[in-house]
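As recorded in TrEMBL:
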type    : residues  : note
DOMAIN  : A:36-170  : domain 'Methionyl/Leucyl tRNA synthetase'
MOTIF   : A:41-51   : motif ''HIGH' region'
DOMAIN  : A:220-372 : domain 'Leucyl-tRNA synthetase editing'
DOMAIN  : A:425-586 : domain 'Aminoacyl-tRNA synthetase class Ia'
DOMAIN  : A:624-663 : domain 'Aminoacyl-tRNA synthetase class Ia'
MOTIF   : A:624-628 : motif ''KMSKS' region'
BINDING : A:Lys627  : ATP binding site
DOMAIN  : A:697-817 : domain 'Methionyl/Valyl/Leucyl/Isoleucyl-tRNA synthetase anticodon-binding'
Amino acid sequence: MSRYSAAEIEAKWQQAWDRAGIFKATREGDKPKYYVLEMFPYPSGRIHMGHVRNYTMGDVVARYKIATGHNVLHPMGWDAFGMPAENAAMASGGHPKDWTYGNIADMRAQMKPLGLSIDWSREFATCDPEYYGQQQALFLDMLAEGLVYRKNAVVNWDPVDMTVLANEQVIDGKGWRSGAEVERRELTQWFFRISDMAEELLEALDGLENWPAKVRLMQENWIGKSRGLQFAFGLNEGPDGHDRVEVYTTRPDTLMGASFVGISPDHPLAKTLERDNPDVAAFCVEARKGGTTAEAIEKAEKMGFDTGLRARHPFDTSCELPVYIANFILMDYGTGAIFGCPAHDQRDFEFATKYGLPIIPVFEPVEATDEPLTEAFVPPKSEKTRFVRGFAGDEVQTGDAAVNAAIEFCEQNGVGQGVTKFRLRDWGLSRQRYWGCPIPVVHCETCGVVPEKKENLPVQLPYDEDGTPIDFGVPGNPLDRHPTWRDCTCPACGAPATRETDTMDTFVDSSWYYARFTAPHAATPTDLAEAEYWMNVDQYIGGIEHAILHLLYSRFFARAMQITGHLPKKAIEPFNALFTQGMVTHEIYQTSDAKGRPVYHLPEDVSDGKLADGTPVEIIPSAKMSKSKKNVVDPASIIAAYGADTARWFVLSDSPPERDVEWTASGAEAASKHLARVWRIASEVANAPETATPEADEALLREMHKAIDEVTKGVESFGFNAAIARLYAFTNTLARSTAGKAAKTEASLTLAQLMSPMTPHLAEDIWAMLAGTGLVATAPWPLADPAMLVDENITLPIQINGKRRAEISVPHDMPKSEVEKVALAHDAVIKALDGAQPRKIIVVPGRIVNVVI
RNA sequence: GCGGGCGUGAUGGAAUGGUAGACAUACCAGACUUAAAAUCUGUUGGGGCGUAGCCCCGUGUGGGUUCGAGUCCCACCGCCCGCACCA
């Protein structure tokens with residue numbers, strides 16, 4: 001072979017790795033372990049460039065760790081349950097199981113040519129009964145520990161599809177599929193008791209030093225800890241059982257400014273009133289309407305209904321506050337009731353203005369004015385504010401100090417107590433869906449809700465082996481409609497009973513898969529010895545879109561699995577380091593149809609800004625690749641055209657890994673050319689002279705050691721784009737070098753090693769071509785010789801008053817005083833000084849000289 | 001509204017407080033070629049002058065700290081992301 005042929009060498013070296021079995025992870029050996037994991041894919045059927053980028057980054061880490069003497073675990077699996085499979089079955093017949101396993105086979109076939117260092121013997125899909133059966137066992141253990149419970153909850157209910165919708169699936173108050181007006185409905189659902197761990201999940205964030213600060217902050221905000229006062233207003237003439245209303249406030253310092261009390265339409269008091277008063281009932285129905293999305297909330301008008309009830313102010317019993325039912329008060333935060341302080345809260349201000357309620361300021365700016373308020377004054381924490389109508393006289397208080405003083409005062413006077421609340425709510429896991437992990441419980445008329453016996457696990461989803469076809473053509477949960485699947489016997493009393501037909505949220509599946517990878521075929525959820533050895537995940541890599549839910553749920557599960565004895569204590573935080581990579585983007589090519597509607601075109605159909613028939617396209621700036629905008633490039637076609645190494649090299653170059661990278665045809669072309677060039681340079685080493693000047697040899701080897709040093713630092717710090725830039729520079733040096741054969745061979749072998757994490761096939765081929773020992777994949781990573789990193793003579797810039805004016809060449813270890821002398825002797829410095837003495841000379845060894853005049 | 005991040009050539013982007021623009025793309029010029037492709041070489045932040053060279057300006061805007069600021073601090077402008085009737 002005289003030319004670089006990706007197609008030939010990639011298949012060849014993948015087979016060589018397979019034969020050598022170098023990626024199979026075993027517990028033997030005394031090397032330190034390293035567990036690298038990328039977020040596993042949903043089997044949609046096609047891999048996309050985002051997958052390529054994600055898995056390439058993980059592969060760089062894994063291969064680098066292998067080369068640096070680690071025992072590496074690098075597994076892959078499939079997040080295989082979920083709605084798309086059911087939707088596909090609904091749309092075109094077939095069965096979600098067949099659809100999913102077909103997609104997995106397709107995607108695996110697309111992924112293997114990438115040459116990833118994956119231990120495929122550990123592969124599993126979350127829809128394998130072997131996996132979800134263990135998940136059911138885990139669920140039962142969590143149930144026994146009280147980590148899961150049932151309760152009534154308000155959900156978005158689509159009356160046409162007859163299913164619960166997630167908030168993201170409610171658009172303009174309507175179901176995303178059916179278009180039907182979404183109802184708020186109370187259903188009995190299963191919940192994980194994650195809110196009990198709110199404090200711990202929050203505090204432990206501090207220890208996650210190798211997580212992006214952004215992700216930690218997002219989780220912190222999501223958990224939403226707040227400190228406030230909880231107390232009750234006494235009610236005048238409240239209905240039976242309602243002589244008081246509990247409220248929670250983070251601003252007790254504004255209590256003297258209260259002018260109304262508001263309760264949620266779902267508040268028990270509102271529900272009592274609703275029974276006897278049709279006007280209240282009508283209002284509550286109206287107020288409960290609309291989704292819970294941000295968009296819906298934005299549009300909803302603030303509505304209140306005066307119940308006629310009056311609440312007594314705890315510090316001024318002569319002051320009576322009207323009690324309103326208001327549509328903006330949420331039942332599931334705080335107590336579902338608030339007091340309104342219009343002077344210091346914008347939302348309360350708007351409400352008070354609409355309903356003509358008094359606005360009573362309690363703080364005033366230091367520079368007070370007599371003008372009436374036009375908007376609420378929210379005292380900024382940094383600004384001095386004065387506590388005017390205070391409990392503690394005229395004392396000056398600001399921010400938290402005012403809040404704390406108010407809580408203290410209230411507690412001393414027997415009005416409520418300081419409490420800490422969290423925004424984080426328990427995690428509802430019930431889904432009225434077929435394609436998910438069945439919740440392994442049984443409903444018995446005499447025994448109630450009974451856990452299934454472990455020996456009966458897995459509770460398997462019905463297929464249609466027994467000739468009972470499952471109908472996905474109609475809305476609702478097919479498990480509910482199945483003629484026989486629900487029928488079972490009560491595990492407790494043996495009487496006929498029915499199965500729970502709800503399945504688990506797919507986030508459950510992905511909350512512990514990382515633990516299962518350590519022993520994917522164990523007869524229990526985990527094998528403690530394996531988990532003890534392999535956990536934690538040393539490096540986790542995935543998209544920022546999972547910053548909150550998946551990562552928070554996984555942190556909860558790691559704790560729950562420890563409580564239930566399925567993970568060792570050390571795995572309380574499952575991911576030691578997290579890296580969130582950016583997306584792959586592409587320009588969008590658009591034309592318009594006869595009616596002016598946009599028509600999108602695939603990149604492969606556009607060249608030079610024109611379609612094949614010469615029609616010019618409008619180019620819309622780069623955005624995330626999406627099928628609807630057709631700005632997608634199929635990895636398979638890139639691999640076919642250029643090879644996997646080119647795709648790998650390109651997604652890593654150009655942009656920092658945490659940022660988006662724009663896929664361009666010219667960039668892919670350039671990457672491919674470069675790899676061919678490297679191959680050619682290496683193949684031409686044989687033509688180099690046997691002997692060359694010692695200077696040329698040394699210059700090349702010095703450059704080689706600098707490249708080793710910088711590429712190593714780049715790979716270790718996720719600076720893959722910088723490492724690649726350095727490899728380009730080193731390749732240029734090698735190409736131009738006049739060094740002899742021995743030095744060039746050494747340099748080329750090292751170049752192959754440094755490239756091997758990114759372009760493993762090319763590296764392997766060069767390694768073999770130049771008679772490297774064994775496989776480059778398992779060759780020890782090269783070490784930079786510190787002595788070779790510093791040149792004998794260095795160039796020092798000379799600044800005059802901080803501006804670069806000249807440079808000198810001096811030995812690298814020349815003492816400061818000598819450097820000073822050389823600098824002062826320079827023509828430019830003499831000219832600038834014009835006979836005067838410098839005021840100051842700063843010499844930073846190896847860096848710079850600054851002469852201050 | 002609350003929280004966070006980012007602004008550097010035509011473009012993607014480099015730069016532990018120490019020579020701004022590494023590396024790459026694009027463009028232009030040259031070599032090789034009948035020609036093209038491929039390959040190789042070179043130029044490219046702006047302005048100026050007495051043009052083998054030298055000078056001035058330059059990292060969103062305005063200030064500040066420092067011998068020295070793309071980098072640190074303050075204010076402003078613009079863009080992006082997360083959360084949100086959260087009491």
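Each residue, glycine too, has its Cβ placed from N, Cα and C.
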Positions on the same chain near the domain 'Aminoacyl-tRNA synthetase class Ia' (A:624-663), where near means CB under 8 A and six or more residues out: 6-7, 10, 46-53, 56-57, 59-60, 110, 113-115, 212, 579-589, 600-604, 671-672, 674-675, 718-721, 724-725, 758-762
Secondary structure tally of the motif ''HIGH' region' (A:41-51) (DSSP, helix then strand then coil): 3 helix, 0 strand, 8 coil
Tally of residues which DSSP labels helix, strand or coil - the domain 'Methionyl/Leucyl tRNA synthetase' (A:36-170): 70 helix, 23 strand, 42 coil
Confidence summary for the domain 'Leucyl-tRNA synthetase editing' (A:220-372), mean pLDDT rounded: 83
Helix, strand and coil residues within the domain 'Methionyl/Valyl/Leucyl/Isoleucyl-tRNA synthetase anticodon-binding' (A:697-817) as assigned by DSSP: 71 helix, 17 strand, 33 coil
Set of same-chain residues at least 6 away whose C-beta sits under 8 angstroms from A:Lys627 (ATP binding site): none
Helix-strand-coil residue split for the motif ''KMSKS' region' (A:624-628), DSSP-based: 0 helix, 1 strand, 4 coil
